[in-house]
Protein chains: 2
Amino acid sequence: MARPDFTDALQPHPDANGAKMISKERQRSAIDIDELSTHLFGTTYLQRQQNVLNILKPERILSKDNQANLSRPDRYKLGLARGKRMRQLMDIHGWNEADLLMAEYLVDDLQPYHLHLSLFNSAMREQSSDAQRAYWIPKIESWEIIGAYAQTELGHGSNIRGVELQVTWDQTTKEFVLHISGGTMLPHGDGGELVSYGPLPFIVRVRDRRTHLPPSSIVVGDIGPKYGYAPIDNAYMLFNNHRIAHNCLLSRYASVDPDTGAYTKPANPTSVYGSLTRGRAVIVMSARLVLMRAVTVAVRYLSIRRQFRDRDSPQSEGPESSVLDYSTVQVRVLPLLAATFALHYSGEAMRELYERTRSTIALDGDRGQLAELHSTSAGLKSLATDLAANGIETCRRAMGGHGFGGGTGLVQLNADYLSKPTVEGDNWMITQQAARYLLNRVEDVGRSPEQESKSRTEANLREYQTRASTPPKITELSDKAIAEAFQWRASFLAFEAHRSHYVQKRSWNSMLIELYKLSRSYAQSMLVSNFYEAMQQNSLSSPHTAAVLRDLYRLFALSTMDTEAREFQKSGAVAGEVLDTLPEQILKLMQSIRPHAVRLVDAFALPDFLLDSALGRYDGTVYEDLFNRAHRLNPLNRVTFNPDYWSDEIVMGSKDGGQILAKQ
Amino acid sequence: MARPDFTDALQPHPDANGAKMISKERQRSAIDIDELSTHLFGTTYLQRQQNVLNILKPERILSKDNQANLSRPDRYKLGLARGKRMRQLMDIHGWNEADLLMAEYLVDDLQPYHLHLSLFNSAMREQSSDAQRAYWIPKIESWEIIGAYAQTELGHGSNIRGVELQVTWDQTTKEFVLHISGGTMLPHGDGGELVSYGPLPFIVRVRDRRTHLPPSSIVVGDIGPKYGYAPIDNAYMLFNNHRIAHNCLLSRYASVDPDTGAYTKPANPTSVYGSLTRGRAVIVMSARLVLMRAVTVAVRYLSIRRQFRDRDSPQSEGPESSVLDYSTVQVRVLPLLAATFALHYSGEAMRELYERTRSTIALDGDRGQLAELHSTSAGLKSLATDLAANGIETCRRAMGGHGFGGGTGLVQLNADYLSKPTVEGDNWMITQQAARYLLNRVEDVGRSPEQESKSRTEANLREYQTRASTPPKITELSDKAIAEAFQWRASFLAFEAHRSHYVQKRSWNSMLIELYKLSRSYAQSMLVSNFYEAMQQNSLSSPHTAAVLRDLYRLFALSTMDTEAREFQKSGAVAGEVLDTLPEQILKLMQSIRPHAVRLVDAFALPDFLLDSALGRYDGTVYEDLFNRAHRLNPLNRVTFNPDYWSDEIVMGSKDGGQILAKQ
């Protein structure tokens with residue numbers, strides 16, 4: 001803590017009183033914040049958030065005050081300590097898994113135990129035989145063992161055929177031998193000859209239970225500082241003729257007979273559409289939370305921040321204009337505010353579809369929808385994580401100079417989230433999955449134009465096929481017409497790509513950019529359609545809030561349309577002169593949404609504890625918090641430095657002779 | 001260092017031998033790297049880079065091996081120690097200022113002395129009277145004093161009228177009194193009444209020469225961790241009735257009579273077009289260096305990285321495809337490769353114009369050009385820094401999973417460079433300057449259509465005015481026609497905006513988004529025109545290299561045109577059916593440039609010392625370097641952790657009881 005000085009008595013300038021300003025902002029709108037929060041998250045979630053938050057707040061180790069000042073090794077140690085504490089709190093308060101995940105989310109550290117909770121846990125459940133489950137799952141749940149998950153290699157990512165690790169079955173000792181092969185990729189078969197059976201899942205004890213050191217046949221470690229995720233160790237691991245027992249092969253699907261070495265192939269894997277769809281819904285829902293966070297900070301700060309008076313205003317005195325009143329700021333932030341709702345309704349639609357098909361025996365139609373949603377959700381993952389990752393940075397830049405400071409609370413969020421566009425399916429590569437599905441559906445529709453459609457997309461494609469010669473060229477942008485225009489454009493691109501590939505025989509690889517655009521247009525159409533349908537089933541009792549949500553729907557759809565205007569024109573979805581009016585319509589929608597912006601982000605119900613943001617504080621005391629962080633919390637200000645270049649001393653009077661840095 | 005283990009003997013897989021692959025890449029192209037390097041940088045620059053590099057390399061304190069692991073306070077201390085060492089090297093080797101700046105660039109730390117060298121130095125030279133210069137400049141040059149530069153306030157950025165610091169002239173003691181005013185912004189006048197004279201420049205001693213502590217009337221400190229720039233202290237400072245002598249007012253322009261307190265207004269400031277233009281040229285040239293860095297890393301790594309075999313290829317064996325062969329990767333990276341050249345030729349054009357007008361008495365035409373370049377270069381700053389900042393991230397994502405790791409060498413670059421879109425004129429706000437200038441020129445042209453044009457823009461606007469009723473709708477995209485299409489579109493938007501503001505009387509603030517688009521279109525046109533003209537004056541002796549540069553010109557221009565296709569169509573600059581062919585033309589250009597990509601980035605001559613990138617190494621030993629960084633250099637791997645959640649111990653066997661974190 002800094003010693004007392006004259007700044008202790010200072011108050012912010014009346015024109016920069018954020019608390020007053022944000023309270024005025026809240027008076028400008030009649031949106032019922034609680035109702036909208038419940039609409040978005042439900043009471044169970046909000047209650048859990050509040051309960052867990054109350055438990056986390058008093059924990060000193062979870063305070064975020066100093067974490068941005070720590071070295072990467074210390075940041076890891078802190079992450080480990082926090083991970084332990086959260087698990088202890090689970091015991092103390094009888095939390096379930098959802099509570100623990102909520103705690104991890106609020107603490108905002110991806111703890112070193114994260115893979116144990118997620119990929120290790122689910123892989124062990126999915127791949128283990130019943131006997132293996134009975135043995136391992138209790139140890140996993142009690143954290144008696146801590147697991148990780150290893151799959152890709154340094155030089156190999158998506159293409160598992162390139163993997164270099166070799167596993168050999170040794171019939172004499174009845175062990176598997178794991179070895180970095182340095183050339184051959186063929187595991188030994190059951191006889192003397194080499195037979196490759198492709199990748200198989202094993203569980204391997206990596207470290208000694210007592211010393212926690214690996215054996216000499218395993219080299220394992222952390223890859224070092226990366227873009228974000230300082231508190232987690234991403235590992236590398238190599239095996240040098242490392243031997244494991246027969247029962248280390250997870251044998252729910254594939255197995256090796258210990259007596260003969262005979263290999264049993266896995267049966268056709270059961271449909272995983274359901275759980276994958278649920279997984280993608282989680283990604284979309286998480287993208288919305290991340291974007292909500294960036295937008296909350298930006299909207300609160302930009303409504304408080306003043307910059308110049310309106311030049312066309314008669315008054316030359318009075319407070320300067322709120323930065324959020326400038327259209328060049330609105331156009332960056334408000335469409336993202338609208339996008340959070342678009343992501344929400346699509347994530348919710350995916351989750352509901354998953355729940356519905358899981359709990360009832362799926363009708364044919366539903367199964368078609370689910371298969372479709374699975375395939376096309378690759379495109380949605382790509383679009384949603386791009387929207388969120390780019391959105392954080394757009395919000396940050398909209399905040400000008402202070403957006404570069406640590407007071408945003410977005411520095412770590414941005415660094416962490418930037419992994420998302422490239423993991424769990426690279427955002428460019430996976431668009432091929434969605435495009436492939438769409439091209440196959442066009443093929444179906446072309447082959448049997450009269451058949452009944454098995455999914456909504458098929459119906460849309462049939463509709464397009466019937467009317468392709470007379471494009472709608474929409475002139476009235478009603479809410480419904482907007483959604484139809486997005487569908488028309490996506491269908492147009494699907495038929496175009498189909499013609500290129502099947503008729504003009506262009507190779508798949510030469511079409512990758514078009515396929516990317518097709519996937520994106522389809523994903524945008526899904527976001528718009530799901531938003532539109534949510535508006536139709538509107539469950540809000542306040543017509544006022546519903547009207548603002550409708551403006552948000554139109555803002556999201558029309559600003560997306562404006563960015564892609566040429567495709568809408570070329571496909572004949574919307575008339576050219578109507579596309580020319582989009583900038584003006586967008587401007588009006590933004591003006592209409594502007595007074596509600598602060599209440600809308602309040603409804604996101606993101607606690608200050610999570611935001612860790614001076615600029616995005618609920619109470620608006622931006623400048624007080626910024627000054628407190630700088631003057632009172634910054635450890636650099638507890639040291640006086642020696643500025644003379646001819647002296648090697650760094651800390652004034654310490655006679656360190658520059659040796660302070662010898663440790664590196 | 002890690003202990004010896006079996007990994008010491010490992011070699012990379014033959015299919016992942018980066019050294020061989022990159023050497024094959026270099027054999028695919030006949031570009032003369034040295035000639036192109038000299039074309040881009042000149043021999044003086046390249047020689048300086050080599051000389052300074054040779055001196056820096058053996059300095060242990062400048063090794064970048066561990067810096068990403070340091071805490072922010074340690075990172076600052078290291079930055080200070082490096083700053084001292086570089087200044088010592090200046091003495092030892094007789095460096096001039098350009099050598100020192102080259103050292104700072106190669107070390108890639110914005111040292112704590114940076115403001116002393118830049119803003120403090122230039123402000124003192126520009127604002128001091130002759131007597132003040134004679135006193136201060138020697139002390140500044142010898143670093144006897146170290147200065148900083150303070151201008152904006154916590155709640156005030158661009159609008160200097162809002163500043164809260166109050167300076168009062170005290171006639172009795174003949175001192176100025178600096179005080180945070182907390183309300184009034186009126187300095188005292190020479191009589192009893194209060195008169196405001198707006199902002200004035202002062203030099204203030206902030207810290208005691210011996211103890212380096214501030215007096216109790218000054219509070220000063222570092223603002224704390226921010227997005228990037230860990231080794232520099234960005235300060236805050238407050239004054240509590242702090243008194244300074246009369247000669248602390250820098251009085252080249254404004255002055256106060258010490259006997260009467262009478263204030264003398266500055267004369268009209270002399271034209272600063274020249275030095276501002278030079279400053280903007282520096283920003284553009286720096287943006288090109290930053291983008292070159294990201295592109296160098298991406299091109300080298302992506303040409304080495306393999307992923308899948310070509311599905312349409314007859315061979316099912318053989319090495320996988322180079323990732324850079326995929327069009328979806330090319331379309332992200334190669335237009336940025338082309339953009340580095342576009343930035344280069346525009347930066348060079350600006351610098352040449354500045355040099356020409358400085359050394360000769362400017363002709364009227366030149367003065368018009370310079371005034372124009374100054375005004376419109378605001379748009380160029382905005383576009384160039386956006387291109388570079390976004391380009392780093394695009395390159396990073398194109399590298400997939402490894403793009404998120406620390407081995408890119410782009411983590412710090414990205415964090416540092418993200419300040420640029422918002423400092424030295426926020427990229428959205430300053431586009432108003434360029435737009436204002438263009439609207440005024442349209443007004444001139446409309447008033448006196450027959451007059452001779454004073455600048456190229458005026459000529460373009462006149463040309464547009466004459467032909468506005470018959471838009472060119474270009475059907476043949478010759479090199480020249482492309483440049484003209486960019487000019488036409490910018491002129492179209494300028495006349496449209498002019499009509500909105502002057503004829504339809506729309507307010508300036510309601511037009512900000514259109515004005516942003518206008519500025520951007522004009523800046524794009526400048527980049528394309530300068531690139532085109534450089535192609536015409538081509539000084540390369542190798543026709544082969546010239547042909548590749550022409551492809552790069554077309555790729556930059558056509559991919560920009562494709563992104564903005566609807567404006568080109570609407571303005572009548574290019575025919576719609578020609579715009580439809582752009583994706584195919586871009587694809588062909590990328591295929592044609594692809595074999596030259598590695599040699600092109602080699603010509604950027606960026607030393608490995610600067611890049612600090614495992615992925616972007618000149619010698620291609622990507623995987624060896626990644627493994628070395630992870631396994632041998634990572635300090636986290638020297639510690640074994642205790643994973644049991646029921647134990648508070650963090651480091652295994654240390655009995656630390658979690659106390660390791662008590663320091664925070």
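Glycine is treated like the rest: Cβ placed from N, Cα and C.
Those TrEMBL annotations? Automatic predictions, nothing curated.
Remember, predicted model here, so these are calculated numbers, not experimental data.
Residue counts for the region 'Disordered' (A:1-20) under DSSP, split into helix (H, G, I), strand (E, B) and coil, are 10 helix, 0 strand, 10 coil. Residues or ranges marked as region 'Disordered' by TrEMBL: A:1-20 (among others).
Summarising the annotation, TrEMBL assigns domain 'Acyl-coenzyme A oxidase N-terminal' to A:32-146. In the domain 'Acyl-coenzyme A oxidase N-terminal' (A:32-146), the DSSP tally of helix, strand and coil residues is 89 helix, 0 strand, 26 coil.
A:THR152 (FAD binding site) counts 13 other C-beta atoms within 10 Å of its own C-beta, drawing on all protein chains shown. DSSP classifies A:THR152 (FAD binding site) as coil under the three-state reduction. As annotated by TrEMBL, FAD binding site applies to A:THR152, A:GLY189.
The domain 'Acyl-CoA oxidase C-alpha1' annotation in TrEMBL covers A:273-439.
The Cβ of A:GLU424 (active site, proton acceptor) has 14 neighbouring Cβ atoms from other residues within 10 Å, across all protein chains displayed. When secondary structure is read from DSSP and collapsed to three states, A:GLU424 (active site, proton acceptor) falls in the coil class. The active site, proton acceptor feature in TrEMBL is assigned to A:GLU424.
The compositional bias 'Basic and acidic residues' annotation in TrEMBL covers A:445-465. Sequence-distant contacts of the compositional bias 'Basic and acidic residues' (A:445-465) (same chain, six or more residues past either end, CB-CB distance under 8 Å): 364-365, 368-369, 371-372, 376, 438, 487-488, 490-492, 494-495, 498, 522.
Summarising the annotation, TrEMBL assigns region 'Disordered' to A:445-470 (among others). Secondary structure of the region 'Disordered' (A:445-470) per DSSP (helix as H, G, I; strand as E, B; remaining residues coil): 15 helix, 0 strand, 11 coil.
Per TrEMBL, domain 'Acyl-CoA oxidase C-terminal' is recorded for A:480-647.
When the alpha carbons of A:GLU424 (active site, proton acceptor) and A:THR152 (FAD binding site) are compared, the span between them is 12 angstrom. The predicted model assigns the domain 'Acyl-coenzyme A oxidase N-terminal' (A:32-146) a mean pLDDT of 96.
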